[in-house]
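J.: From TrEMBL, here are the annotated features:
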- 36-58: transmembrane segment (TRANSMEM)
- 166-185: transmembrane segment (TRANSMEM)
- 206-229: transmembrane segment (TRANSMEM)
- 235-256: transmembrane segment (TRANSMEM)
- 277-298: transmembrane segment (TRANSMEM)
- 318-338: transmembrane segment (TRANSMEM)
- 350-372: transmembrane segment (TRANSMEM)
Amino acid sequence: MRFPSSIFVSVSLFTAETTAALYLSTTYRSAGDQIWQGLTLLFTLVPSVLVQLTLTFIHRDLSRDRPLVLLLHILQLGPIVRCLEAFCIYGSVGQVEEPYVSITRKKQMPREGQSEEVERQVGQAEGKLFTHRAAFSRTSVIQAFLGSAPQLTLQLYICVLQQEVSIGRGTLMVISLLSIVYGALRCNILAIKLKYDDYEVDIRPMAYLCIFLWRGFEIATRVVVLVLFSSVLQLWVLPVVFLNFSVFFFYPWILFWQSHSPFPENIEKTLTRVGTTIVLCLLTFLYAGINMFCWSAVQVKLNDPDLINKSQNWYRMAVYYMVRFVENALLLLLWYMHKTDFYEFIFAPLLVLQLLLAYAMAIFFMLVFYQFCHPCRRLFSSSMTQGLWDCSSFLCVLCTSASPHNRPMGRAVLETSVHQEPSNNQSVNAQRCWRSTGSLCCGYSLFHRSLLRYTEAKQQPGEFSHVLHSNEVCYS
């Protein structure tokens, strides 16, 4: 039986972040910053309450006579109690012979086209530990994206405004970043285990390292971009956040309504229809929070009995990262255009380049993970490399058509590719990818050109209007 190290890491990050946030809120109160104190406490207590409710819901404490455990959950001490309970279960394994065991059957990864099924006996103690691990995997994701991610964004924004990083604020930022990356890592592992539940999954250390680097670069870049944009355009950041959140919140519901499927009733037998609706709304709320900062490995599908999409859609992932890359580039361009003398102490073009390269590094480590380190890559129904290559080929054609010198040739190529009879499934998928991502390529190709020309136009007022006009023509 494996040592419950994931439970210990989850509880350690939860306790450390809560303690650091409470200490920092006292310093804000001493300094008279009531707004910062209130927001810091808000991003600490709300996810803490959601974590307590999640643990209570998974362990079904409301239907059991455990008043002390419920009291400790009300006092926000539930994760600590659950961690101690898990370690007690782990320590008692082997001391008493268990009268009842269950038999599980798992398939091994196919080798040379064959997959063997292996039976294994699972005792009650191991089953309880499995429940604890599953519960803390979900609470880590909730804590990361509904608490740590907003907290990190807030504290970094305060650092930019005050031009200093105190010890308490820096400590909280480091812990929050580790919590977000760990939550994203647990989300990836949870998605793998849910999609390939019939197989015995063995995740190797190199896979953990790739996920950690992938998520670290992706989340850190996203947070810095949002903070820089909000520091110069405070009011405009609200529509950006609201639009992102609304798209990912309503997207699963739109797919559910289009499928005309019956309302899910098998989530929990004790829940009423209203309770089920609340649980589904909280699930899509968490899904939107994850996609605000990074790609969600678990794709919500409300018309599925398990509420997740178990198919691997490379084109949806490619569209997400291209849209997010272009969005980050546009936000950085707007920040560069409206930055004040406050940012004179940094070399802005170099910072923009570093952030874009950091996001490109995140995409690179993601490709390495899915191509070489994914534990179930032999079970992929389609090749990630081929899918992304199809998308890239159509983007190259689109870039060629966007050029003024090659515009007629580009149009001819596009018309040929669209009206041509598809010979296989790959061409059909490529055309689908082109239709969903075609409008993005022009903005990406013009970003660096607009940035350089804007730098020159600061001394030539008439030049920048020509830059904006060329961008408008391209997007039209």
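Residue positions begin at 1 at the first shown residue.
Quick reminder: no glycine exception, Cβ is built from N, Cα and C everywhere.
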J.: By a Cβ-Cβ criterion of under 8 Å, what residues six or more beyond either terminus of the transmembrane segment (277-298) are in contact with it?
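T.: Counting only partners 6 or more residues beyond its ends, the transmembrane segment (277-298) has Cβ contacts under 8 Å with 50, 141-142, 145-146, 149, 180, 184, 187-188, 190-192, 194, 215, 218-219, 222-223, 241, 244-250, 252-253, 264, 267-268, 271, 307-308, 317, 320-321, 324, 366.
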J.: So which of 36-58, 206-229, 235-256, 350-372 is most in touch with the transmembrane segment (166-185), counting Cβ pairs under 8 Å?
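T.: Per the Cβ count, the answer is 206-229.
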J.: Counting only residues 6+ away from its ends, which parts of the chain sit with a Cβ under 8 Å from the transmembrane segment (206-229)?
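T.: Same-chain contacts beyond the ends: 149, 152-153, 156-157, 160, 177, 180-181, 184-185, 188-189, 236-237, 240-241, 293-295, 324, 328, 331-332, 334-335, 355, 358-359, 361-362, 365-366, 368-369, 373-375.
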